[in-house]
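Right, one structure below, let's go through it.
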Amino acid sequence: MANHSQLGFQDASSPIMEELVEFHDHALMVALAICSLVLYLLTLMLMEKLSSNTVDAQEVELIWTILPAIVLVLLALPSLQILYMMDEIDEPDLTLKAIGHQWYWTYEYTDFKDLSFDSYMTPTTDLPLGHFRLLEVDHRIVIPMESPIRVIITADDVLHSWAVPALGVKTDAIPGRLNQTSFITTRPGVFYGQCSEICGANHSYMPIVVESTPLKHFEAWSSLLSS
C-alpha cells in the first residue's frame, strides 16, 4: 500500500500494474524529451541565434509535422497494447462477484455453493494496534496467488467503483449492469483499495481489502467458510 509522503505508484502486484508503471515511465521520458527540445529552442531564440524574420522554412515545417506524429505513435502503440490487455479476460480459475451498496460491499464466490459475505469498514474504535484507519474491513477478499481471477462488478443502489491500485484494477459498479475485470496477483500480500466513485455521505467508508495467499491456504479458508 502507499506510504506516508509517497509520490510514486504503489508496488505493482499484477502484470497489468507492472505494464502501467512502465508506460508511465515511458510517457514521462517522452515528455522530458519534448520539454528539453522546447527549452533548447527558447534558449536559442533568447540568445538571438535564431532569426525571427524567417518567412519561409519548408524544412522546419516538415520537421514540426513529422516529429509530433512520431511522438504520438510512440505513445499510442504501448497505450493501445495495455488497453487491450486490460479488456482481455483469460479463462479464470476463480470468479468473484462484487456488489456495491451504500456503504459496503457484498462478495459472492460463484464457484462455491454457499460462499458469500458482506464487507464493512472496521470502525476506528475497533481497530487493532498496527492496522490502518479507514482501510481495514471485517471480512477480506481472499484469493489464490498466481491464478487468473475474474471479478464481476455491479451495484445495488447508486454508482460505485471497485478499485485496487496495487493490482491496476478500477471498474465502475453500475446498478442493473454487470461489468467485469480480471487480474493475477504475482506475490502474496494484502492489497488495499477503496470505492472510487462518489456515492453519498459515507463514500470514503467503503474500503476494499484483497488478500493474496498460496493455493493451499485459500482452499483451507474457503472450506472453513463454506462449512
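Any Cβ shown, glycine's included, is placed from N, Cα and C.
According to Swiss-Prot, the Cu cation A1 binding site annotation covers His160, Cys195, Cys199, Met206. In the three-state DSSP reading, Cys195 (Cu cation A1 binding site) counts as strand.
Annotation source Swiss-Prot lists Cu cation A2 binding site at Cys195, Glu197, Cys199, His203, citing similarity to another entry. Cβ-based neighbour count (10 Å, all protein chains) for Cys195 (Cu cation A1 binding site) stands at 26.
Here Swiss-Prot flags Glu197 as Mg(2+) binding site. Of all Cβ atoms in the shown protein chains, 18 besides its own fall within 10 Å of the Cβ of Glu197 (Cu cation A2 binding site).
Under the heading topological domain 'Mitochondrial intermembrane', Swiss-Prot lists 1-14 (among others), citing similarity to another entry as support.
Residues or ranges marked as topological domain 'Mitochondrial matrix' by Swiss-Prot on the basis of similarity to another entry: 46-58.
What Swiss-Prot lists as topological domain 'Mitochondrial intermembrane' is 87-227 (among others), and the listing cites similarity to another entry.
Residues annotated as transmembrane segment in Swiss-Prot, with similarity to another entry given as evidence: 15-45 (among others).
Annotation comment: Swiss-Prot describes 59-86 (among others) as transmembrane segment, evidence class similarity to another entry.
Non-local neighbours of the transmembrane segment (15-45) in the same chain are 9, 52, 71, 74-75, 78-79, 81-82, 85-86, 165-169, 183-184, 186; each lies 6+ residues outside the stretch with a CB under 8 Å from one of its CB atoms. In sequence order, Gly100, Gln102, Trp103, Trp105, Ser161, Ala173, Gln194, Ser196, Glu197, Gly200, His203 are the same-chain residues whose CB sits within 8 A of the CB centroid of His160, Cys195, Cys199, Met206, the residues recorded for Cu cation A1 being left out. DSSP gives His160 (Cu cation A1 binding site) a strand state. Cβ atoms under 8 Å from those of the transmembrane segment (59-86) belong to residues 15-16, 19-20, 22-23, 26-27, 30, 34, 168, 181 of the same chain, restricted to positions at least 6 beyond its ends. Note on the binding-site residues Cys199, Met206: the fewest other CB atoms within 10 A surround the CB of Cys199.
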